[in-house]
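A quick write-up on the structure given underneath.
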Ligand SMILES: Nc1ncnc2c1ncn2[C@@H]1O[C@H](COP(=O)(O)OP(=O)(O)OP(=O)(O)O)[C@@H](O)[C@H]1O
């Protein structure tokens, strides 16, 4: 039987029940009654039509398949839409109602159909396992059944085959990369001695900082040792700084080899916005690399000069060849600075999206690059890897040449992708504890001169643990930063050492301490105008002393703002009325850049889409408040100052899901004014793309955006608005992600009591088999 999910989307809505009775007193009696119940769930928005269509499809294929199997299949399919790659039957029996999308926002609860808890009340795990014993539909491994089960200690996981296959492919691809390192047999692993000298050049000698373990240096060493590495850490822990040094290190070691063709390095991120951010920071970091010291420590000038000719002939790609040609002089005279320049030039500062890297094609999930047409690269760095879903990760690994290195960067505690799978989170489940094997610790000592404390060493460490490095010190948020303290307190996992009441108190204490960069706004009711004041002016009075004692990354801490700021820039910096885009392009681009930059200074985030506290309600409320102030004229759909978010990749226009643009009015000889939307080009060039509103197929107003959509972005001042009642969507990860979008200022807006308290205690558990990867 083929991969059935492919065609289901199309006929999901046409699938009808073959039993029209509608009486589902005991929904598990017959397939017809079960399908009727699924219909009711779909009507309520508790289940997707697609999930119900899968159950129908299986029923048609094998009419005798028991209703319990059909129910399991529909629920497994439903989990995919909620980010889980499979259905854990044991967990579902413990809390059956969590398997549906409850509570639906804005649903009226009159005449509710039975919930999974009622339907499954008398079902045991043994019953459910027995119902899945249908070899035509459910397999236990490779084969062609549409469903696959995987047995774990005390439960069973049910997968749709395609997702089971993704997980298998990822496990195998990563294990193959990790195994070499684990056995110490990887030909790519540099000798500890050469590594040590290079690391000293990049980080200084160990004696420089005897009191601190330099996790960034350890991360470089671990990543240099393996063809697969993860560098995880919270905001500002130096992931970018570390990876830039790592790339210089790898390039230097490569150039020191006798066949030292320069490495072909590529940088990528899941969204255009994330790519643009990395673009911005990486270029600056490359400039600060201590390359002269690196070249000297590795004796590179000598070695590169001795076989410059051979190296040039082996250089494959055009751009590298151009670099080498430019450096003819350098090779011949063995100039250190020429070799340093070579290293610098071969670290790319251009970051692409994963879709572009893999070559996405319209109307198909398949990419241009795959196992038979692999990517032409030696090292791939993927930033914001927490946003990479299981399907994308499987595609990426398939397209990666076997000898290429893959380095994932990201914050393991952030929300996972909206799509199924939480690959980075799964891989990093044990990152806090280190779990480095004694032989890894010995190697690290030789390569870095640093001694790992006992608590990070584990004789039972898994191969995967050896490839993961966690950065533990934030260089952006120190002890004086409320944002850093709050993020840490929210992120702290519950356990024996942290009870729920202690966690709640710790968070309260942080607000009570009066940090200069965080504020809390408690709204009395939905008519409270404090929210309007916040979104217009940024609520400066809510903060102490405008950031006393703190400085931003750029040196000067700007005051917190609201949306008045960018709308003011839009009016004040507009080119004169007689300017036109064709002749004064530069002036218009400068204006758009200034408006976009000012817009990035403030952003309202929220958790939900619907309801007064969701994106839709808040967008309406904020637009209303700005209109009352005369800041916008929102009579029509499009108006100057309307900020929009792209919600679907548009390759024709070169716009990516997550890109933000601002609508601006340009003088026009015939119409007087013409609206165009200005988008940053996201390629590091600083160019502006001007797009007619009519050409934008999938955009929405973005005075408020969901925390999910904000991933990979940062805003100088971020306001997180919580709804007035608890909701399962609100989790520790969501609140943490919302807080860490703030660069300098953070405001928490609460419209109801106790919502934050409940949210920070709810942790996402995404079920998958990747966490034990490489366990031998
Ligand atoms: N070892 C260090 N010592 C001092 N400053 C550092 C160190 N490492 C990084 N920084 C500084 O801290 C800031 C954050 O670093 P970086 O951007 O590399 O972190 P990141 O983890 O990539 O951040 P993000 O959360 O944006 O992904 C930068 O200004 C950087 O220069």
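Residue numbering: from 1, along the chain as shown.
Note: Cβ is positioned from N, Cα and C throughout, glycine not excepted.
Listed in TrEMBL for this protein:
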BINDING   233, 234, 235, 236, 237, 238, 239, 240  ATP binding site
DOMAIN    43-151  domain 'RecBCD enzyme subunit RecD N-terminal'
DOMAIN    702-749  domain 'UvrD-like helicase C-terminal'
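Overlay of TrEMBL feature records on the structure.
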{"residue": "233", "record": "ATP binding site", "Cβ contacts under 8 Å, 6 or more apart": "215, 239, 411, 470, 471, 472"}
{"residue": "234", "record": "ATP binding site", "Cβ contacts under 8 Å, 6 or more apart": "411, 413, 471, 474, 487, 488, 491, 740"}
{"residue": "235", "record": "ATP binding site", "Cβ contacts under 8 Å, 6 or more apart": "411, 474, 476, 477, 484, 487, 740"}
{"residue": "236", "record": "ATP binding site", "Cβ contacts under 8 Å, 6 or more apart": "474, 475, 476, 477, 484"}
{"residue": "237", "record": "ATP binding site", "Cβ contacts under 8 Å, 6 or more apart": "215, 471, 472, 473, 474, 475"}
{"residue": "238", "record": "ATP binding site", "Cβ contacts under 8 Å, 6 or more apart": "216, 471, 473, 475"}
{"residue": "240", "record": "ATP binding site", "Cβ contacts under 8 Å, 6 or more apart": "278, 281, 282, 285, 383, 409"}
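For ligand 1, the neighbouring binding-site residues among 234, 235, 240 are 235, 240, by Cβ distance under 6 Å. Shown in sequence order, 411, 471, 474, 475, 476 are the same-chain residues outside 233, 234, 235, 236, 237, 238, 239, 240 whose Cβ sits within 8 Å of the Cβ centre of the ATP site. DSSP assignment over the domain 'RecBCD enzyme subunit RecD N-terminal' (43-151) gives 51 helix, 9 strand, 49 coil. Counting every protein chain shown, 26 other Cβ atoms lie within 10 Å of the Cβ of residue 239 (ATP binding site).
Residues in the domain 'UvrD-like helicase C-terminal' (702-749) partition by DSSP class (helix H, G, I; strand E, B; coil) as 12 helix, 19 strand, 17 coil.
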